[in-house]
Amino acid sequence: MTNVAKSLRERLAATWVIAWPRIHTLQESTDTTVKLLLQYADGALVETVLIPEKDRFTQCLSTQVGCAMGCTFCSTGKMGFLRNLTGGEIAMQVLVARDLLGQQGKGDRLTNLVFMGMGEPLMNWPEVKRSMEILHSEHGLNFSRRKITLSTCGIKKGLQEFAKHGLALPAISLHAPTQELRKQIMPGAARLPLDELMALLESYPLQPRERVTIEYILLGGVNDTPQHARQLVKLLARLKCKVNLIAFNPGPGIPYKSPTREAVLAFEQILWDKGMTCILRKSKGQDIAAACGQLRAKADRSGS
């Protein structure tokens with residue numbers, strides 16, 4: 001491009017990048033969940049997951065390379081924080097997934113997006129917001145608000161900003177019914193006291209049929225007892241919400257075990273008996289480390 005001044009070319013190169021991330025590794029689970037390890041232009045690696053739901057797919061998006069929150073049950077937290085993704089880099093995960101599905105004649109079956117991959121979305125809110133604007137735009141990917149969910153540990157300023165814009169439905173990674181236990185298993189998230197988090201959620205602007213999703217990973221012998229269930233009911237009593245229960249998915253170096261089936265069912269029953277809407281989520285992609293809490297961008301360097 002010799003008809004553009006060298007100084008302008010250098011500024012453009014420093015500011016704008018038009019390059020899709022490369023699929024470094026593709027893994028498919030026995031349940032047909034697909035995990036993609038994507039490599040960006042600077043070599044940064046992130047994972048994104050395509051989760052099959054009958055005749056459609058939900059995509060789990062990453063917002064950071066690594067994570068600074070330090071949740072003790074999460075493999076991503078073991079990486080530490082490396083960098084934020086840009087809004088374009090986040091949206092590109094969807095483009096790559098659509099292209100992959102399109103090659104199989106399934107390009108129109110990617111219907112739902114969840115910001116539940118690597119990273120804490122509200123620690124990168126400006127870029128996450130930009131990615132959502134791209135995803136919403138009729139000139140972009142044209143997803144409706146109801147088809148996008150953002151999951152956060154609970155960042156006060158970020159949650160307040162997120163609430164103002166109404167770009168997606170909120171989900172809260174709670175995982176503990178008391179401040180003491182949350183501080184033990186989620187040290188980064190526990191900087192916001194539970195009573196303040198609940199107050200923020202109770203005032204969150206929702207449409208008539210919408211509810212806050214509460215995510216609760218059951219850790220064997222840690223937060224899965226009937227007492228914990230009753231404490232959770234009390235904590236959420238005033239909140240318009242539904243609870244997603246997820247049995248812990250083991251990962252290398254993670255010092256927890258999965259709950260027993262009996263403990264899971266007993267916990268679920270207590271919530272139902274107290275009038276709470278509760279969904280027991282089936283973890284998909286466990287055999288390829290693509291399930292909740294298992295994402296950790298790790299390349300096989302011998303093959304890269």
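Using the three backbone atoms N, Cα and C, a Cβ is placed for every residue, glycine included.
Heads up, TrEMBL stuff is auto-annotated, nobody curated it.
Record features, source TrEMBL:
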ACT_SITE  Glu47  active site, proton acceptor
DOMAIN    53-287  domain 'Radical SAM core'
BINDING   Cys67, Cys71, Cys74  [4Fe-4S] cluster binding site
BINDING   Gly119, Glu120, Ser151, Ser173, Leu174, His175, Asn249  S-adenosyl-L-methionine binding site
ACT_SITE  Cys292  active site, S-methylcysteine intermediate
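The Cβ of Ser151 (S-adenosyl-L-methionine binding site) lies under 8 Å from the Cβ of Val114, Phe115, Met116, Pro121, Ala171, Ile172, Ser173, Thr213, Glu215, each on the same chain and at least six residues away in sequence.
Among the recorded positions listed here, namely Glu47, Cys67, Cys71, Cys74, Cys67 has its C-alpha nearest to that of Gly119 (S-adenosyl-L-methionine binding site). Candidate recorded positions: Glu47, Glu120, Leu174, His175, Asn249. Nearest to Cys74 ([4Fe-4S] cluster binding site) by Cα distance: Asn249. In this record, S-adenosyl-L-methionine is bound by Gly119, Glu120, Ser151, Ser173, Leu174, His175, Asn249; the longest C-alpha to C-alpha distance in that set is 19 Å.
The recorded positions listed here (Glu47, Cys67, Cys71) include Cys67 as those with a Cα within 10 A of the Cα of Glu120 (S-adenosyl-L-methionine binding site). Cα-Cα distances to Cys71 ([4Fe-4S] cluster binding site) place none of the recorded positions Glu47, Leu174, Asn249 within 10 Å. Around the Cβ of Asn249 (S-adenosyl-L-methionine binding site), the number of neighbouring Cβ atoms within 10 Å comes to 21. For the residue listed as 'active site, proton acceptor', the spatially nearest entry among the binding-site residues Leu174, His175, Asn249 is Asn249, judged by CA separation. Sequence-distant contacts (6 or more apart, same chain, Cβ under 8 Å) of Cys67 ([4Fe-4S] cluster binding site) comprise Cys74, Thr76, Gly77, Met79, Gly80, Phe81, Met118, Gly119, Glu120. Model confidence over the domain 'Radical SAM core' (53-287) stands at 94, taken as the mean pLDDT rounded to a whole number.
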